[in-house]
Amino acid sequence: MARLTKRRQADTKAIQHLWAAIEIIRNQKQIANIDRITKYMSRVHGMHPKETTRQLSLAVKDGLIVETLTVGCKGSKAGIEQEGYWLPGDEIDWETETHDWYCFECHLPGEVLICDLCFRVYHSKCLSDEFRLRDSSSHWQCPVCRSIKKKHSNKQEMGTYLRFIVSRMKERAIDLNKKGKDSKHPMYRRLVHSAVDVPTIQEKVNEGKYRSYEEFKADAQLLLHNTVIFYGADSEQADIARMLYKDTCHELDELQLCKNCFYLSNARPDNWFCYPCIPNHELVWAKMKGFGFWPAKVMQKEDNQVDVRFFGHHHQRAWIPSENIQDITVNVHRLHVKRSMGWKKACDELELHQRFLREGRFWKSKNEDRGEEEAESSISSTSNEQLKVTQEPRAKKGRRNQSVEPKKEEPEPETEAVSSSQEIPTMPQPIERVSVSTQTKKLSASSPRMLHRSTQTTSDGVCQSMCHDKYTKIFNDFKDRMKSDHKRETERVVREALEKLRSEMEEEKRQAVNKAVASLQGDMDRKGKQLKEKCKEEFVEEIKKLAAQHKQLISQTKKKQWCYNCEEEAMYHCCWNTSYCSIKCQQEHWHAEHKRTCRRKR
């Protein structure tokens with residue numbers, strides 16, 4: 001059942017200041033009473049004594065500071081019982097602390113509404129109308145739990161996208177870790193209920209623990225929540241965490257806008273902007289203020305504004321008024337554009353994108369391309385084998401025709417018989433005997449030889465043409481494969497050379513930096529040593545001067561006589577070791593004791 005309750009009341013930043021005050025006072029072996037804490041807070045943090053007293057009482061109620069009665073053992077309050085304050089222990093009863101202590105939206109204490117499914121709490125004023133509690137007897141779910149409950153995505157696909165976002169978060173988190181304190185601070189868990197950091201988020205992404213994008217976004221918001229609580233809303237760490245959360249929300253919005261664009265813009269394969277998305281983006285001519293019309297993709301439309309991403313080198317985004325948008329089918333000459341090199345490159349990229357659209361060509365990974373190449377090569381080899389098998393029966397059929405019709409004098413059957421014999425070069429002699437024997441019945445012995453030679457020449461030409469086409473095709477296929485292999489090998493060699501060159505440059509840079517640092521350190525050490533010796537010499541000289549002055553002053557002091565009563569310089573001599581500065585001192589000392597011990601002759 002949902003209920004409103006006060007989990008905490010004291011300000012988190014004031015609590016940390018009070019903790020520091022108590023710790024410093026205790027380290028000085030003193031009782032951390034209200035007076036000492038108030039003076040410290042006023043001197044260091046400029047907090048008014050009344051505000052210090054109020055925050056201290058709230059912290060005691062919240063259990064963040066322990067109040068005890070302590071008896072003073074020294075000073076003006078020795079033996080007096082007084083209130084003393086201590087830091088709480090490290091032990092926390094997590095069975096009772098099931099929910100956070102501060103509003104997940106504004107990160108402040110006060111009367112909060114507790115979620116029935118998670119640890120989050122909210123102020124009623126921080127909730128929108130749709131999430132506010134309608135009936136106190138009903139169960140209440142926070143906005144985060146409701147958003148997580150709405151969607152469930154493919155975990156494998158979601159993990160791929162979230163890895164890109166986490167890599168961006170790690171870059172920002174470097175600054176956050178540099179500016180922040182260690183999360184292992186002894187009082188950290190007293191303020192932060194559910195600790196989370198970027199490495200934890202990355203680990204959950206790698207293990208596939210997120211069920212939706214909203215759950216991932218909730219962890220990013222939790223990181224901001226913890227940072228604001230521990231470091232303060234106006235701290236530099238909180239500004240970095242807000243920027244980190246804002247960037248994460250922007251990345252998630254871009255992902256929901258178009259998953260294909262999000263993946264390709266992060267993976268960055270060759271010609272990544274040219275591959276079509278599903279569904280396809282509308283292509284337009286867009287005109288920014290101060291520029292001409294430029295080819296672009298429409299990402300989204302809102303009221304009278306169009307969000308476009310331009311073709312070209314940088315692929316920039318911009319919101320363009322709808323009146324500055326023209327359909328891509330509009331003739332370029334009507335747009336009066338300045339055809340610069342950048343504009344031409346953008347148009348070339350547009351043409352490649354349109355060609356990919358016509359061909360239905362979508363981006364595929366290298367493994368898929370390699371599988372397709374292997375399939376194509378196996379299909380081509382199978383087709384070549386089938387071509388050979390179909391040619392052999394044709395040759396046998398030619399021989400059969402030749403033996404059935406041996407008496408015909410037309411050149412076609414003989415040409416067919418000879419060409420068939422050229423297709424099967426292992427049996428030339430039987431064909432030649434058959435042709436000669438058939439021709440001897442009608443012609444002389446010389447005629448068959450001439451006819452055979454002519455048909456042999458004709459068949460050679462036909463066979464040569466067929467073989468030329470066949471091997472030209474095979475050679476072209478082999479040439480294309482060699483080109484692709486050479487291109488991949490060249491890219492690999494260039495990539496390895498670049499990596500090697502980069503590593504060598506980094507090594508040289510590191511050595512140069514180390515050398516410069518060592519040289520600078522040597523100069524600093526040498527100058528520091530010289531300065532130290534100079535200061536030591538000056539110190540010795542100064543000590544000598546002071547010693548001489550001191551000796552001279554002592555000598556001058558010894559040569560003077562001093563009043564026995566008030567120790568001022570004496571003017572009146574009484575006896576061998578007694579003098580006075582005035583008659584008053586002489587009378588006071590005389591009546592007090594000197595009249596009994598004076599050795600002056602009367």
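Note that Cβ sites are derived from N, Cα and C of the backbone, with glycine treated the same way.
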Of the residue ranges 191-210, 291-310, 331-350, 531-550, the one that Swiss-Prot records as region 'Aromatic cage required for H3.3K36me3-specific binding': 291-310
Under 8 Å by Cβ from H281 (Zn(2+) binding site), same chain, sequence gap 6 or more: C258, C261, K297, V298, M299
Neighbourhood of C277 (Zn(2+) binding site) by C-beta distance under 8 A, where only residues 6 or more apart in the same chain count: C258, N260, C261
For C598 (Zn(2+) 2 binding site): intrachain residues, at least 6 apart, with Cβ closer than 8 Å: C574, C575, T578, W590
Chain-mates of C258, C261, C277, H281 with C-beta within 8 Å of site centroid, Zn(2+): L257, N260, N280, K297, M299
Sparsest-packed of the listed binding-site residues (C258, C261, C574, C575, H594) - C-beta count within 10 angstroms: C575
Coarse DSSP state, helix versus strand versus coil, of C261 (Zn(2+) binding site): helix
